[in-house]
Amino acid sequence: MQSETRRVPLPPRSEYRFELDAGEAISVRFVSDPVSGHYGDAEVFGAPLIGGAQERWYTFGNEAKAAISSWGGGEVEIAGSASTEYMADEPSPVYTYGANLHLNLERARIRAREQLRTDKALVKSLSEQDVRGEGAPPSYEDGQGPSSNELYHAAGQGPRVMIVGPESAGKTSLVKFLANYAMRSPALASVEEGAEAERVAQEAQDDEPLSDHEDAPEEKADKAKIMSEITGWWPMIIGLDPSEGAVPVPGCLCAIPLRPSPVNCLPSPSPALPYGVTPQTTGALPPTVSTAESVMPLVHWLGKHNVRENEQHTHRVIDWLAYHVEKRLVKDTRARMSGLLLDMPGVVTADSRNRYSYIQYCARAFKVDMIVVLGHEKLNLELSKIFGQSPVQIVKVPKSGGAVDVDEVYKQKLQDLQIRSYFYGMQPAIPKVAGEGEHASEALPGHAEPLGGVPTLNPYSSTIPLDLLSIYRVGQDRIAPSSALPIGAERVVSELQVNKLDPLNSSSDLSSLLHSVIALIELPSDAEELGEGELPSEATLLSAGLVGLLHVSDIDTTRKKMTVLSPKPGKLPSKTALIGVRMIKSNY
């Protein structure tokens, strides 16, 4: 028995919206018309649904909320049902403020490219600049003077755009749209054309992670030539909302370099994959049109969901992330001219009391030149006052009618789902088709594949001694009462104080570890060796990049061992780890 599907016509500049509940999934296929030669178009957050010879099903699940929009009209075929699905009354915001924003950013990128193409001295100085040393990043606290470690120079920089607004305003959706349109641009993101473009592409190819197969010189040259001819910009998404949207899991702040090859879009099969997956976890995915984008992010561990807790700690993590982004943009001219897209956490009422300090800090750290305010009149007015004497442009756009308000229960489920997908991959969504006997188990079209093409993973479980890892916490998690201090002693508490967990002797540390996610970090090569009883500095810990995550699934106090889950078997990549707040509410 064939499953029933339905066709939905998409008028020009329309938007068909759907919201999935738990256990629901739908597949969508763009319907082409080879007889008339009119194919039309359809896209989801700027990612096109491909028709013609590459026509296929796109599956959405995990309580996804999305919209299919069309510039010139078209038709889609849908299998499955959603709790809410409707055609919007108003024109799609993609074709009003979304397109205007993209065109403004396109012009800024072209200006940056032309500056890099015409100013040979600038390109030469960038190529000769030494960014290998770590040093210490500048601090962007208000009132701090210029730093000798400042790497930013305005010349040849593409647009740096921050998206702000209240909770559930569609900030991540807008970031995705702008990123997808940037990667789909017909522009050539190269300092030079022709032979010089091939040379630059060859250098980019040489910087790629090594694979098991080493290409011959002729193959490398062919790849470089192909890369030099690829159109589209190479923007970088900066994920500054650790509660959701981070890669690879919540609790991180990250920089995600994008590239228009092999797939020039970010699909949205699941909210658990906001910006794709990391190949270190899933392995290489085949580059099909529905596969989640494989990204190689720079990740720093914050270890909490709320950036307003321990602001000094948050600021220092941002300092290091911004510092490493600037180092990347010095050498990567494609990313430099393509610019940054900053995805921010939702604004709450309390933020106005400190003049939106987090927005101000991030704007200074990443040298933002445009702030887009989504559907918040008061925020737009107050930011216009705050940045009135600066070159930062404030742009107000309306909140899309398709933006869905979500509650804390949904947010918690999404956080758990993102963490689970890191360890277990994605499951196929296979709703049962109504029927009897063997027909009752027939899957809908496209539902037999894992969402986003991300395979189901089997995490590796191992038992290790409690003291095998050196696990640290930055900032005080618990403060002893004043009565516990020696007579005459005064409390000295630092928001950046480094504490080493002692699960062998501390029941509270033991409790903190159970069911938590801990981040394995790679200390800088120039980090000082520690003596007996010495602790690493907060700068050493916060500057370290994340190399993997472990889930502490069980603790055996009798044997003094703990069971951890890792995405891959084998030796742990590091024995130094950071812990934050409890990241998991339920055991996996």
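Note: Cβ is positioned from N, Cα and C throughout, glycine not excepted.
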*For the ATP site that TrEMBL assigns to Glu15, Ser168, Ala169, Gly170, Lys171, Thr172, Ser173, which of the candidates Lys65, Lys120, Lys304 is also assigned?*
Lys65
*For the binding-site residues Ser168, Thr172, Ser173, which one has the sparsest Cβ surroundings, going by other Cβ atoms within 10 Å?*
Ser168
*With H, G and I counted as helix, E and B as strand and the rest as coil, say where DSSP puts Gly170 (ATP binding site).*
coil
_What's the number of neighbouring CB atoms sitting within 10 A of the CB on Gly170 (ATP binding site)?_
24
*Work out the three-state DSSP category of Glu15 (ATP binding site).*
strand
